[in-house]
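A.B. asks: Shown below is the structure under consideration.
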Amino acid sequence: MEERKRERLIFWIILIAAVLVRCIGFVRIPAGVNQDEAMAGVDAWALSKYGTDRFGIRLPVHLTAWKYGQMSALLSYCMIPFIKLFGFGTLAVRLPMLLAGCGSVALVYLAGKRLFNARVALGLMALTAVNPWHFMQSRWSLDCNLFPHVFLLAFWLLLLGLEKRRYLYASMIFFGLTFYCYGVAVYSVTPFLAVFALWCLWKRQLKCREILLCIALFLLVALPEILVMAINFFGWSTIETPFFTMSYFPESIRSADILFLNFSFEQLGRNFLAMIRTCILQTPDQLYNSLPAFGPLYHISIPFMLLGAVSFTGDMCREKDMDRKTEMLALWGFLLTGIWTGLLTFEVNVNRINIIYFPLIFMCGYGIWKVVRRWKRTLPFIGAAYAVCFGLFLGTYFTTFAGEIGRLFNVNFLEAVKEADGETEYARLYITGNMDWQYNLSMAEILTHYACEIDAAYYQEKTNYNGGRELLPYSERYHFINVDYEQTADAEGLYLIHISELDRMPFAYRVLKEEGNYYLLVPAEPE
């Protein structure tokens with residue numbers, strides 16, 4: 001009894017600490033918003049008001065997003081209740097990922113306890129609580145980053161379902177939902193479930209009718225997304241139903257990211273090397289994915305991960321108890337699913353192979369457990385090493401990273417375009433595609449939608465009112481320009497231009513305001 005009380009106390013200490021540290025200033029850091037985060041938020045806002053995305057597509061199964069590149073829909077749907085509760089803004093947009101991240105800390109413990117024991121589970125939970133990848137992706141919203149959390153929930157239910165079938169059937173619902181988190185689920189989750197089902201059938205862990213019911217439940221949930229994939233692969237027309245819309249995306253280029261649709265051994269080799277660099281060597285990635293000095297898992301984890309993977313594989317092969325072996329095989333399959341994803345997906349970065357990080361944390365924890373079992377006195381030193389790493393990581397995250405990430409999260413542009421839109425005396429806005437770190441007119445448009453809270457009905461030109469103001473129709477008011485091709489001055493227009501473009505303006509101008517690296521300009525009156 002005392003042991004159980006101590007276990008519960010440690011569980012709650014770790015969980016509360018993990019939640020608190022993830023909540024600190026999560027609306028302010030990262031400052032600004034990522035362009036994909038803004039896209040998901042704008043569509044969620046439209047769905048919350050009209051039941052359509054910003055293009056007017058009713059309850060889309062998959063979001064049109066950038067037109068040439070689509071976006072998974074589940075995260076946007078998860079934002080809706082928070083937008084209803086708190087209004088449209090960064091708080092509501094980021095809360096779903098924050099809650100998913102905090103919840104998965106507890107899920108790691110639950111899955112670890114099922115697979116190993118309470119002590120190992122607490123160790124895995126602590127590793128997750130201090131993990132850089134887990135911490136960083138919990139604090140902002142990227143659609144694909146929901147994938148590993150939903151998969152982990154389904155995985156835990158699957159483990160429980162080997163004993164109690166109601167959990168098995170519940171797991172199929174969440175495995176189906178992974179298809180709405182990230183497109184790679186189609187070629188990663190499906191093989192995982194197929195191989196696991198064949199194993200359970202072979203070893204008589206599950207009956208044929210139970211597997212058939214699982215398939216039915218899985219397809220019931222996943223089928224709309226599967227049909228979207230089929231529609232776009234075969235070039236079929238959009239299918240509208242009373243409940244949702246399965247869209248055809250004529251401009252999509254996403255299939256180019258999948259190896260088996262464009263196979264070459266050369267690309268397979270590059271994919272493999274990218275996976276090794278990203279997951280094992282932990283070389284620098286995009287700043288919003290990992291801090292170079294720490295990597296997604298800390299560099300001190302490398303030997304523990306390798307030891308854990310080798311030891312776990314050996315222990316699984318030697319295991320005599322079939323129930324235990326099947327559970328271990330499920331975790332091994334989780335790891336192989338991540339590897340399979342890395343091999344098939346074009347030169348992965350951290351967020352593209354996010355499915356692999358939970359099993360790598362499990363392998364790291366297993367490796368540490370093996371070391372501590374043999375040399376008990378190493379535990380305080382290993383714990384201290386991770387505590388120091390986490391302390392240094394937090395120090396860097398809330399100082400250096402906080403200062404650098406705002407530029408990559410478009411904070412200067414967001415502030416400047418909001419200021420420009422507030423200048424009510426100008427009928428038209430001409431907005432640069434210079435984001436202060438890259439040039440992208442589509443990005444400028446979606447960030448303008450986010451910062452200026454452009455209503456979907458106004459964007460679709462069903463009304464000339466936006467935010468209580470009567471304006472010109474959207475296509476007449478908002479113009480996203482490249483100054484190198486813009487020749488005619490608009491006397492009634494306001495220009496938002498990056499500092500680097502001032503010397504390339506094709507007409508004389510007068511500076512109205514300066515907003516960081518951006519200037520609000522109006523054409524100079526002729527003398």
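Each residue, glycine too, has its Cβ placed from N, Cα and C.
What TrEMBL records for this protein is below:
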- 77-226: domain 'Glycosyltransferase RgtA/B/C/D-like' (DOMAIN)
- 9-29: transmembrane segment (TRANSMEM)
- 93-110: transmembrane segment (TRANSMEM)
- 146-162: transmembrane segment (TRANSMEM)
- 168-199: transmembrane segment (TRANSMEM)
- 211-236: transmembrane segment (TRANSMEM)
- 297-317: transmembrane segment (TRANSMEM)
- 329-348: transmembrane segment (TRANSMEM)
- 354-372: transmembrane segment (TRANSMEM)
- 379-398: transmembrane segment (TRANSMEM)
A.B. asks: Counting CB pairs under 8 Å, which listed stretch among 93-110, 146-162, 211-236, 379-398 touches the transmembrane segment (329-348) the most?
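C.D. replies: It is 146-162, which has the most Cβ pairs under 8 Å.
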A.B. asks: Is it the case that the transmembrane segment (354-372) and the transmembrane segment (211-236) touch, counting contact as three or more CB pairs under 8 Å in which the residues of each pair are 6 or more positions apart?
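C.D. replies: They are not in contact.
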A.B. asks: Could you put numbers on the helix, strand and coil content of the domain 'Glycosyltransferase RgtA/B/C/D-like' (77-226), residue by residue per DSSP?
C.D. replies: 126 helix, 0 strand, 24 coil
A.B. asks: Which one, 9-29, 93-110, 211-236, 297-317, 379-398, has the most C-beta pairs under 8 Å toward the transmembrane segment (146-162)?
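C.D. replies: Comparing 9-29, 93-110, 211-236, 297-317, 379-398 against the transmembrane segment (146-162), the winner is 93-110.
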A.B. asks: Quick one: mean pLDDT on the domain 'Glycosyltransferase RgtA/B/C/D-like' (77-226)?
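C.D. replies: Mean per-residue confidence for the domain 'Glycosyltransferase RgtA/B/C/D-like' (77-226): 97 out of 100.
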A.B. asks: Take the transmembrane segment (297-317) and find every residue of the same chain, 6 or more past its ends, with a Cβ under 8 Å from one of its Cβ atoms.
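C.D. replies: Result: 131-133, 280-282, 325, 328-329, 331-332, 335, 357, 360-371, 385-386, 389, 393.
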A.B. asks: Excluding the flanking five residues on each side, which residues at least 6 beyond the ends of the transmembrane segment (93-110) place their CB within less than 8 Å of a CB in that stretch?
C.D. replies: 11, 14-15, 18-19, 22-23, 26-27, 33, 37, 40-41, 44, 75, 78-79, 82-83, 86, 121-122, 124-125, 128-129, 134-135, 137-142, 145-146, 148-150, 152-153, 156, 358, 361-362
